[in-house]
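Copied over from TrEMBL:
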- Glu28: active site, proton donor (ACT_SITE)
- Lys89, Val109, Ser143, Ala144, Asp145: substrate binding site (BINDING)
- Asp141: Mn(2+) binding site (BINDING)
- Lys162: active site, nucleophile (ACT_SITE)
Amino acid sequence: MQTPPTGMRIGDEVRDALEDGDPVLALESTILSHGLPAPRNLEVGLASEQQVRALGVTPATIGVIDGVPVVGLSTEEIERLCIAEGVVKASVRDLPIARAKRLHAGTTVAATAWLAHRAGIRVMSTGGLGGVHRGASETFDESADLGTLATTPITLVSAGVKSILDIAATLERLETLNIPVVGYRTERYPAFYVTDSGFALDYRIETPAEAAALALARDELGLPQAVLVANPVDEAKQLDPAFHDRVLAEALAAASAQGVTGHDTTPFLLDFVQRATGGESLEVNLEVYRGNVALGAEIARAVAG
Ligand code: PSU
Ligand code: MN
């Protein structure tokens with residue numbers, strides 16, 4: 001493990017757990033600051049920490065407070081990221097800017113994974129991963145999540161990417177970037193709200209122990225990539241696929257009509273889908289996230305041995 005950079009802070013509880021070799025699970029905070037509406041964001045932020053603790057794992061929610069990246073936010077700091085005005089969304093490239101300008105920021109999967117790895121954390125859970133946006137062949141809009149995961153050896157549990165993105169292109173980029181992707185008890189890549197994106201995966205695993213073995217194999221080979229564990233929502237709990245497709249088409253049309261681009265695209269589309277489904281997608285979103293937090297905690301235990 002590298003020495004953590006001096007510009008970040010590791011919470012006391014997380015530091016103790018890491019020193020003792022106890023399991024720790026990293027959680028991102030853009031889902032709280034930009035992915036979920038208030039007051040559900042705060043409920044989810046606090047409930048996920050409780051969920052992780054109940055499984056005997058120390059939660060490390062990661063975000064930026066007054067410019068300082070914090071690995072293991074306090075309850076009060078999580079509250080601030082959920083309700084404060086002017087909280088920005090920070091990917092890796094935004095970290096130095098947030099620091100110099102002393103901003104509060106929710107960290108994306110990329111920034112969270114980077115900070116977690118530097119702190120010595122080996123497993124992280126998120127809802128949906130960033131990926132290649134539709135129309136990227138013209139706009140070059142591809143999330144920095146992908147490039148960062150190519151050089152950040154962590155195990156990441158997600159429910160795939162939302163179909164607001166170009167899933168086929170995202171899977172191609174993951175291949176190009178040498179990032180292993182395995183399905184958890186499935187050979188179908190999930191699409192967050194729905195169980196099956198329509199794309200197949202080459203490998204599946206059945207247990208948290210298998211995920212831990214995969215991370216160990218990566219380390220033994222000296223490879224720098226993250227291992228992605230794709231964990232689908234239960235078919236019975238997914239958003240109705242036909243309803244999902246209809247709302248998605250409306251969201252994409254609205255983004256295009258309103259000229260939304262760049263890093264505003266993901267929050268815009270997510271908000272549109274949430275409003276257009278009358279909150280139904282929000283409940284699925286939370287169900288998906290709970291599943292990923294639970295599996296991440298189990299993998300963190302398996303990795304800690
Ligand atoms: N996808 C979701 N929900 C989210 C995000 C992505 O379904 O909240 C957030 C994550 O934090 C992810 C980030 O890392 O958006 C990607 O944004 P961008 O495409 O600007 O890199
Ligand atoms: Mn982007």
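Quick reminder: no glycine exception, Cβ is built from N, Cα and C everywhere.
Listed in chain order, the extra residues whose Cβ falls within 8 Å of the Cβ center of the substrate site residues Lys89, Val109, Ser143, Ala144, Asp145 are Thr30, Ser91, Thr108, Ala110, Ala111, Gly130, Thr148. Taking each Cβ in turn and tallying the other Cβ atoms within 10 Å, the top scorer among the binding-site residues Val109, Ala144 is Val109. The residue listed as 'active site, nucleophile' has a Cβ environment of 26 other Cβ atoms inside 10 Å. Among the binding-site residues Lys89, Val109, Ser143, the residues whose Cβ sits under 6 Å from any atom of ligand 1 are Val109, Ser143. The maximum pairwise C-alpha distance among Lys89, Val109, Ser143, Ala144, Asp145, the residues recorded as binding substrate, is 13 Å.
The Cα atom of the residue listed as 'active site, proton donor' lies nearest to that of Val109, taking the binding-site residues Lys89, Val109, Ala144, Asp145 as the candidates. For Lys89 (substrate binding site), the same-chain residues 6+ apart in sequence whose C-beta sits under 8 angstroms from its C-beta are Thr30, Ser33, His34, Ala105, Gly106, Thr108, His263, Pro267. Among the recorded positions Glu28, Asp141, Asp145, the residue whose Cβ has the fewest other Cβ atoms within 10 Å is Asp141. Not one of the recorded positions Glu28, Val109, Asp145, Lys162 places a Cβ under 6 Å from an atom of ligand 2. For the pair Ser143 (substrate binding site) and Lys162 (active site, nucleophile), the C-alpha distance works out to 13 angstrom. According to its DSSP assignment, Val109 (substrate binding site) is helical. On the backbone, the CA of the residue listed as 'active site, nucleophile' and the CA of the residue listed as 'Mn(2+) binding site' stand 15 Å apart.
Within 10 Å of the C-beta atom of Ser143 (substrate binding site) sit 25 other C-beta atoms, taking all shown protein chains into account. For the pair formed by Asp141 (Mn(2+) binding site) and Val109 (substrate binding site), distance between Cα atoms is given as 16 Å, rounded to the nearest Å.
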